[in-house]
Amino acid sequence: MAELDIDTRAGKLGIDWSQVNLDSIQLPPGENFGIESDDEGVYHDDQLEFDTGFGNIIVVDNLPVVPKTKFEKLENVLKKIYSQLGVIKEKGLWMPVDPNTGMTLGYCFIEFNTPQEAQNAKETHGYKLDKSHIFAVNMFDDFDRLMNVKEEWEAPQTKPYVPGENLQKWLTDEKARDQLVTRSGPDTEVFWNDARQKNTELVHKRPYWTESYVQWSPLGTYLVTLHKQGAAVWGGADTFTRLMRYQHNMVKLVDFSPGEKYLVTYHSQEPNNPRDASKVEIKVFDVRTGRMMRDFKGSADEFSIGGPGGVAGASWPVFRWAGGKDDKYFAKLSKNTISVYETETFGLIDKKSIKVDNVVDVCWSPTDSILSLFVPEQGGGNQPAKVALVQIPSKVELRQKNLFSVSDCKMYWQSSGEYLAVKVDRYTKTKKSTYSGFELFRIKERDIPIEVLELDNKNDKIIAFAWEPKGHRFAVIHGDQPRPDVSFYTMKTTQHGGRVTKLGTLKAKQANALFWSPTGKYIILAGLKNFNGQLEFFNVDELETMATTEHFMATDIEWDPTGRYVATAVTSVHEMENGFTIWSFNGKLLYRNLKDHFFQLAWRPRPPSFLSPEKEEEIAKNLKKYSKKYELEDQDVSLLLSEQDREKRKALKEEWEKWVKQWKSLQEEEKLARQSLRDGEVSDEEEEEDEAKEVKEVEFEDVIEVTEEVVQE
């Protein structure tokens with residue numbers, strides 16, 4: 001109630017405020033007459049601050065009781081255990097001591113930087129230091145709660161179940177559309193690709209959503225963003241609510257396990273001395289709970305062996321995950337060592353690494369726990385190079401191939417794990433040049449047979465190689481720039497059984513990159529960088545070109561997960577024409593979307609189909625039967641678009657006619673005024689216009705034909 005209203009009310013009641021002692025007024029207990037006390041609000045705020053003030057402190061009980069001489073040793077053991085789970089503050093570990101005996105009391109307090117780190121450390125409850133000392137770990141805040149437990153038991157209140165958002169809801173889109181995420185300027189946007197409407201439909205937009213980049217999880221369930229404090233995952237079909245945060249200051253890179261169970265985060269810190277290596281910290285989190293399962297620390301040199309690329313000298317991804325959804329194993333390559341960890345305990349298998357002298361690269365099968373490794377030549381060529389296949393967890397070597405005069409090797413697994421192609425670069429006899437060929441492993445066949453493939457011209461340089469997803473074919477770009485050849489091979493044919501066979505070669509193509517459709521059959525032969533975005537859409541089944549086109553200065557090409565559409569993009573590495581273009585699988589341009597300062601585009605992955613290969617084959621054979629429904633829908637959309645186009649053209653025509661009519665009317669209104677200014681004379685232009693409008697009748701004669709005729713009298 002306003003002060004003026006109170007004074008008016010008091011005047012009506014005959015009350016003189018100057019004679020009233022407000023401190024003497026007492027309200028009935030528990031009654032506030034709808035007026036909240038400022039003191040209660042302050043008290044409530046203080047309570048909230050007090051309740052959360054010690055959330056970063058844990059209490060560890062059942063510690064050894066030691067004298068002062070062993071105090072430092074016990075303290076170092078505790079720091080070694082708990083510093084792996086978070087950053088302990090300076091003077092953040094305190095062990096009380098009995099003043100009479102000088103012995104510790106068997107418990108300690110540990111203060112971390114953040115409550116999240118303390119929660120992670122609480123998971124050490126039950127940790128066995130030795131047979132007599134098993135840790136009992138509690139949050140410091142829990143003691144206050146436990147001390148205030150009521151003497152009489154009260155039944156807990158049942159809360160109604162509120163289901164969370166279905167994280168796979170986006171897969172149920174009635175139009176069977178796919179989503180994609182883009183970053184341009186400060187904005188991160190998620191769209192539906194509505195190819196029928198030839199445009200995108202905005203799902204979610206947020207400025208400054210990430211401080212670096214975004215990344216989908218392998219099955220499309222989560223979108224991860226990077227921040228100074230760590231990483232966060234978001235999910236849903238349209239709301240994209242934050243599901244979990246992962247504490248890792250100044251995180252630079254992230255990577256998911258194939259089954260989305262674990263998230264790996266990476267941070268590197270530049271040294272004060274330029275001669276020293278960067279310091280690297282890698283953490284592995286449980287995606288659903290946010291719990292840190294393990295961390296790895298060391299110099300960048302310890303994480304720089306093998307791998308396709310990285311940051312600050314360290315290869316990324318550092319950990320290679322075994323194939324499949326189980327996420328059971330991951331491997332780290334070190335000097336002369338392959339460390340394979342299992343995720344049940346996050347320890348080494350058999351508590352020891354695999355020793356392999358001079359190993360430089362490892363790759364997992366995409367579907368099985370089989371590890372392929374490459375070891376180059378040693379001893380000046382006296383000891384040959386080798387490629388080996390190792391079964392995990394038994395560590396049994398399944399197959400090995402020795403290779404001679406080798407300068408380098410690259411390993412390419414086929415997506416279903418049936419084949420492994422090893423591109424081998426060999427020295428010529430003079431050692432002055434190299435030539436390339438392939439060693440092809442048939443993983444699923446008995447004894448894993450190996451076949452050697454050499455190009456027709458073995459001196460051709462191999463520019464690119466790519467397996468057909470879910471298929472048995474592969475493509476190779478080989479030869480000299482700027483117009484190399486493209487050859488297609490198959491691992492099985494009815495005529496040759498289990499022998500590799502060449503299907504055909506395309507001569508003199510402007511291509512330096514290969515992009516297979518996720519469903520196979522179709523491939524894009526792309527000319528990026530120096531070729532300025534040349535695109536050829538090719539049908540490998542028919543060995544024919546479907547379309548040849550160009551996206552000038554294109555930097556990125558990515559198929560959607562269904563193989564129906566392709567996105568090509570020009571990112572901010574170029575100053576002009578930033579944005580993306582959507583094409584059909586056969587090279588028809590559907591629409592463009594230009595965006596300034598365009599940084600990133602990524603399709604949302606789809607989880608594997610529940611259909612068996614036999615069912616998929618049946619659908620493919622009877623596609624006409626299933627496609628009738630969608631053809632009718634496409635026809636309806638086409639008619640709607642045509643009607644919309646007609647309405648748009650009609651509206652434009654009416655607008656034009658209205659504009660012309662307005663100007664003609666204005667001209668007629670001003671005509672008399674113009675004549676009066678010229679003393680009644682019209683202008684030359686108006687006279688010419690009037691003459692052009694006049695209809696003149698002109699008579700003329702023309703002799704068409706002259707005929708002489710004799711008339712008899």
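Even glycines carry a Cβ here, placed using N, Cα and C.
Here is what TrEMBL records for this protein:
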COMPBIAS  672-681  compositional bias 'Basic and acidic residues'
COMPBIAS  682-692  compositional bias 'Acidic residues'
DOMAIN    56-142  domain 'RRM'
REGION    672-695  region 'Disordered'
Take every residue in the domain 'RRM' (56-142), average their pLDDT values, and give the whole-number result.
90
Residue counts in helix (H, G, I), strand (E, B) and coil for the compositional bias 'Basic and acidic residues' (672-681), per DSSP?
6 helix, 0 strand, 4 coil
With DSSP helix as H/G/I and strand as E/B, how many residues of the domain 'RRM' (56-142) fall in helix, strand and coil?
26 helix, 29 strand, 32 coil
